[in-house]
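Participant: Feature table excerpt (TrEMBL):
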- 44-296: domain 'G-protein coupled receptors family 1 profile' (DOMAIN)
- 26-51: transmembrane segment (TRANSMEM)
- 63-90: transmembrane segment (TRANSMEM)
- 102-123: transmembrane segment (TRANSMEM)
- 143-167: transmembrane segment (TRANSMEM)
- 199-228: transmembrane segment (TRANSMEM)
- 240-260: transmembrane segment (TRANSMEM)
- 272-291: transmembrane segment (TRANSMEM)
Amino acid sequence: MTTSSNYSNLRDIWYTMIGIPGLEDAHMWISIPICSMYIVAVVGNTLLLFLIFTEHSLHEPMYLFLSMLALADIFLSTVTTPKMLAIFWFQEGGISFGSCVSQMFFLHFIFGAESVILLAMAFDRYVAICYPLRYTAILTPSVIGKIGIASIIRSFLICFPLVFLVYRLTYCGRNIIRHSYCEHMGIARLACDSIQVNIYYGVIVALFSTGLDVVLIIISYALILCTVFRIPSQDARLKALGACGSHVCVILLFYIPAFFSSFAHRFGGHSIPLHIHILLANLYVVVPPALNPIIYGVKTKQIQEKFIQVFSLSKKFC
C-alpha cells in the first residue's frame, strides 16, 4: 500500500492541537483570563439578550441588531473556547479531521455573519442620525429580519467552499496543529501539496466581503460625521456622536485583531513570533465577545436602566 493511500481516508486521521507553541508551561496561567472572559461573554451576552427580548421598550432596530451581535458573540466564543480550555487544563488536544473542519467552518461562518451585523448597525446609526423622521419607516421589523437572514446566507455561501478547499488537499502524515483551534490556513498548512488556491481564496474573501463591509462602514460614518457637523447645537452634536461611540469601539475590537490574524497567517512568515500570533488569536475569540456587552451596558442609558431595574427586582425576590 502506498503512502498516499495510507492517508486517503481523512476521517481516519486524528490531529493534535498543542495550544500556544513555546508557552506550554504557561497554559494553566493563560487559561485563567481566557476562562474568565469566556464566562463574562456568555453571561453578559445572555443577559443582554434577556433584557432586549423581555423589555418592550428595547424592541427598536438598534437593540434588535445588538441582540443579533450578542447571539453571534456567544456562538463565536463557544465554538472555540471549551476545546481551548481542554487543551490548557487537560492536554486534550486530539481532534478528528471532520471535527476540525466543522470547527473551522463555524468559526469563519460566525465571523462572516458578525461582520454583516456590524455593517447593519452602522447603517442603523446612519439612518437614525441622517434621516431621523424616517427611521422606523426604513428599518421595519421585516427589513431587520431580512438583514439577519442575509447575513446568514452570505456567510454560508462564502464559508462553505472552505470545506471543499481543505478536503481537496493531499495530507501525508503531518498531524500536529500548532494552534488552539482549527481555522482554514492552519489546516491547509498541514497538506503536502500546493495551497496557493487556499491562500488566494482567503485573501479574496477578506478583501471583497469583510473588506467591503469595512469600506461601507467607513462611508456610513463619513456621512454621519458630515450630518453631525452641520447640526448647529453643540449639545446635539455631542449626543449624536455619543450614540455612535459604543459601536465604533466594538468595530475596532472586532476588525483590527481579525485582520492582523488573517494576514499574519498568510504573509507574516517568521517576522511575527508564532506564540504571539496564536496568543492574540486566542484572545480575539473571547475579548470582543466579553467586552461588547460591557461597552453597550456602560454607554447605553436604556440598557443601564433596564439592568438596574431587573437587578433591583431580583434582590427583592431574594
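Including glycine, each Cβ sits where the backbone N, Cα and C put it.
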Participant: Please work out whether the transmembrane segment (102-123) lies in contact with the transmembrane segment (26-51), by counting C-beta pairs under 8 angstroms that are 6 or more apart in sequence and asking whether there are at least 3.
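Facilitator: These two segments do not touch.
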Participant: Would you mind listing the long-range same-chain contacts of the transmembrane segment (143-167), meaning Cβ under 8 Å and 6+ residues beyond its ends?
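Facilitator: Counting only partners 6 or more residues beyond its ends, the transmembrane segment (143-167) has Cβ contacts under 8 Å with 10, 61, 64-65, 68, 101, 104-105, 108-113, 115-117, 120, 184, 187-188, 197-198, 201, 205, 209.
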Participant: Restricting to the domain 'G-protein coupled receptors family 1 profile' (44-296), report the mean pLDDT as a whole number.
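Facilitator: So the average pLDDT across the domain 'G-protein coupled receptors family 1 profile' (44-296) works out to 88.
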